[in-house]
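A short worksheet on the structure shown next.
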């Protein structure tokens, strides 16, 4: 469930172990320090994990863009129900194989996590009716924006470097959104339509921030295994989606979606779930820092792959915006890496 490692870039489906906690005991949306990485994990295992994460999520991105471009749309509730069900099954298998102890966190609290995670997924997928996939991938890199806005309102202060980095990413995204990036997209993705898509992405980021904050609060008191957390969130999302399908009279749309895009949803569910497993294995064997490096590389390759496969026309201004955003993401990552090294050296 990102998974705030929300992932896919649908990161609300991606779940990663919390800061400084072993994946045997903790799951969440943050990034671990990697202190629990297996010291004897060999290079072949790293290569396997690298291609596992890259292959799974790049395939997810390609299929997601296909399903939401060229006049095609995904029925969001149906997609969430099917993919979350597949994620839940994967989590049950993973939980059984790793012998994770079931969490004692009250189910109603986990249901809140499922609700906010579903809100992020729904608005993120819905945004693809108005913006092209590369814009979604870039925009989801602006996760610090709502967090910092909320923090600033509450009187929290951030380093100047943090503000500059976020501003650079946002500027890059804004430049990339300039007219000319259509190519493989739908009818009118400029003007009001595109702005509405960006608004949906901002709402999705707010849900991500809320999910991460509430999860941190819960995980600070309780031990939750990564697969156990994944199951509770994804099963909760499947239940909420099923309830919404019934209450809002969307059952007919569900069966129509299964008939028309069943294989696509199956691939999305399987690639996302498989990618999640590779994330857990990578963190357990090599630490979250290594996993974050792979995640950043995956995001860059996903953007390039999308532009090449779906023929998005990229102007010089947009190319500059793309380079600006990626550079800021890399600099932010390097800065985090330095802080972790300093923290490790001081121990």
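Glycine is no exception: its Cβ is also placed from the backbone N, Cα and C atoms.
Positions annotated as compositional bias 'Basic and acidic residues' by TrEMBL: 1-21.
Per TrEMBL, the feature region 'Disordered' maps to 1-34.
Marked as transmembrane segment by TrEMBL: 44-67 (among others).
Residues annotated as transmembrane segment in TrEMBL: 163-182 (among others). Packing against the transmembrane segment (163-182) from elsewhere in the chain are residues 131-132, 134-135, 138-139, 141-142, 144-145, 148, 189-190, 194, 198, 312-315, 317-318, 320-329, 331-332, 335: each is 6 or more residues past its ends and has a CB under 8 Å from a CB in it.
Sequence annotations record features per position, and here TrEMBL assigns transmembrane segment to 194-214 (among others).
Panel annotation: around the transmembrane segment (235-255), residues 75, 77-78, 80-81, 84-85, 88, 91, 110-111, 113-115, 117-118, 121 of the same chain, lying at least six beyond its termini, place a Cβ under 8 Å from a Cβ of the stretch. What TrEMBL records for 235-255 (among others) is transmembrane segment.
Packing against the transmembrane segment (316-334) from elsewhere in the chain are residues 134, 138, 141, 165, 168-169, 171-178, 180-181, 292-293, 296, 299-300, 303: each is 6 or more residues past its ends and has a CB under 8 Å from a CB in it. Annotation source TrEMBL lists transmembrane segment at 316-334 (among others).
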